[in-house]
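Following: one structure in structure tokens, then a few remarks.
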Amino acid sequence: MARPLTATVDLEAILQNYRYAKKLQPTCKAFAVVKSNAYGHGAVEVSRYLDKEVDAFAVAAIEEAIALREAGIVSPILLLEGVFEGEEWALCEKHGFWSALENAQQLDELQASHAKIEKVFLKLDSGMHRLGVDKETAPVFVSALKDSGQVGEVVLMTHFSCADDLSDLTTMQQLAYFEQARQSIGEIEASVANSATIMKWSVPEGGWIRPGIMLYGISPFAEVSGRSIGLRPAMTLSSKVISTRKLKQGDKVGYGLGYVAAEDHVLATVAVGYGDGYPRHAVNGTPLKIDGKPASLAGRVSMDMITVRMQDLADEPAMGQDVVLWGGDVPVEEVADYAGTIGYELVTRMTSRPHYRYIRGEGSQ
């Protein structure tokens, strides 16, 4: 017998979300961003399912990329953070990786390595101030990369700070800065669009888009679910009721006795906790479903368990009943909101303890 906690991942939903991203920006090629274990969905399984259709994959670092190559992935793979040590350029050449480049040290190390790289994505700091060169320096970097004889093509890339906030003018300012840099360089392919940008902003035609969170059916925008904006949520996290007990009015539950029964009712204990990735800071009232009926968190989240109550106390929970923690009509975005965080964090913090089950177009495994 196994602990009844399962993350069911709909791979076909991820593929359809990728196709939707390309439909929204039809002149662009698209990465499938599978960093951080495909946002907690399983990078190898997701990439294997998408490999025959995607234009390329994108990950954060070289160890993620090597793991995909070792799993048989043949599509191009971009390192979004570039290399961290000069020796990694040789590995990029060996495995055919593309890489971001954002500073003089990386450029010097590339030139010293003599490695041949098909595509280098030069990171422009258009205002986020994490990584990248400025618009005055960008033409110098592009010339150096082209003159090195080591790089097949240079792409100019940037990242937007506030694309998920349609009322914020920062994105327009960053786009203008990017275009100024691009014009000073001359003809060069562009990559500017993350999920929020793909869905709501105009981007340069013919470049590369980088759908990330939207691939997994999760909204990049606050206060709306992925399903409500045309995405297909890919993950359902489910478990079972493993114990029930009758509470009397005034009984207190859990660590810190953080839940007090306002009336007599049946309490259910469910096999999931923060040791699995369920958010410890989820508050009383966080939604879930038991046997298809609305229920909510009642008491502090433990490492391995939570305690819950039915919304309608006449619906008494029973041992072995199915529990949906998020997915379906329990949006992960809503659960995240109750925990004071975002859907990105919930899925990427999934641990190795849940059993993963993958649904494909023609069946399941």
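Including glycine, each Cβ sits where the backbone N, Cα and C put it.
Taken straight from Swiss-Prot:
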type: ACT_SITE; residues: K35; note: active site, proton acceptor
type: MOD_RES; residues: K35; note: N6-(pyridoxal phosphate)lysine
type: BINDING; residues: R130, M303; note: substrate binding site
type: ACT_SITE; residues: Y255; note: active site, proton acceptor
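The number of other CB atoms found within 10 A of the CB of M303 (substrate binding site), across every protein chain shown, is 11. Separating the Cα atoms of M303 (substrate binding site) and Y255 (active site, proton acceptor) is a whole-number distance of 11 Å. When the recorded positions K35, R130 are compared by the number of other C-beta atoms lying within 10 angstroms of their own C-beta, R130 comes out lowest. Applying an 8 A CB threshold to same-chain residues 6+ apart, the list for Y255 (active site, proton acceptor) reads G299, R300, S302.
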